[in-house]
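Copied from Swiss-Prot, the annotated features are:
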BINDING   13-21, 61-65, 119-122, 149-151  GTP binding site
LIPID     CYS208  S-geranylgeranyl cysteine
LIPID     CYS209  S-geranylgeranyl cysteine
MOTIF     35-43  motif 'Effector region'
Amino acid sequence: MSYAYLFKYIIIGDTGVGKSCLLLQFTDKRFQPVHDLTIGVEFGARMITIDNKPIKLQIWDTAGQESFRSITRSYYRGAAGALLVYDITRRETFNHLASWLEDARQHANANMTIMLVGNKCDLSHRRAVSYEEGEQFAKEHGLIFMEASAKTAQNVEEAFVKTAGAIYKKIQDGVFDVSNESYGIKVGYAIPGQSGGAGSSSSQGGGCCS
């Protein structure tokens, strides 16, 4: 399917926060409760529509283990957007956000759009991080913020699409040189009048989540 733009995303965060589950829910609209841990990097893609234009999202799901951080860092380059994910039931995953963000700021392009996602909001009875804390962290660091549930699909679509909307606005505002693919944006060849639809393409699972 033709697209007006292709945006490259990376999903980052600690092991077990649900990165792979978020990707699978977005691309395949299903939840897989038991996964093998992601080894290195896995990939998914899906078409969405923004401003009546078909946009292809190419999403790289990364391993959260420290031993894979060097591999993950290489994927920051050439990413237009990132989902930085923590688990609202595990305080330590929130505490590690600053380290992930430092990595992103150091290795990614300065205009990369970052969406902070507090995953597993379906387990709010086990909450260890308040909504306000997530919101405050995002505000302090210039991130977009949303709580989501890969299990129930709450806000999963919105997290990916809102990130794409912010990237698209930056293109409209002339922030990106779209001829430079190192920004994680590729100009496509959209067929006039064709809508992007919400059809999904291939994705592979991985990671561990509730």
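Quick reminder: no glycine exception, Cβ is built from N, Cα and C everywhere.
Structure with Swiss-Prot features highlighted.
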residue : record           : DSSP class
GLY13   : GTP binding site : strand
LYS19   : GTP binding site : helix
ASP61   : GTP binding site : strand
LYS120  : GTP binding site : coil
SER149  : GTP binding site : coil
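Within 10 Å of the Cβ of ASP61 (GTP binding site) there are 28 other Cβ atoms, across all protein chains. For the motif 'Effector region' (35-43), the mean pLDDT of the prediction comes to 61. Shown are the binding-site residues LYS19, LYS120; the one with the most C-beta atoms within 10 angstroms of its own C-beta is LYS19.
Counting Cβ atoms from all protein chains shown, GLY16 (GTP binding site) has 18 others lying within 10 Å of its own Cβ.
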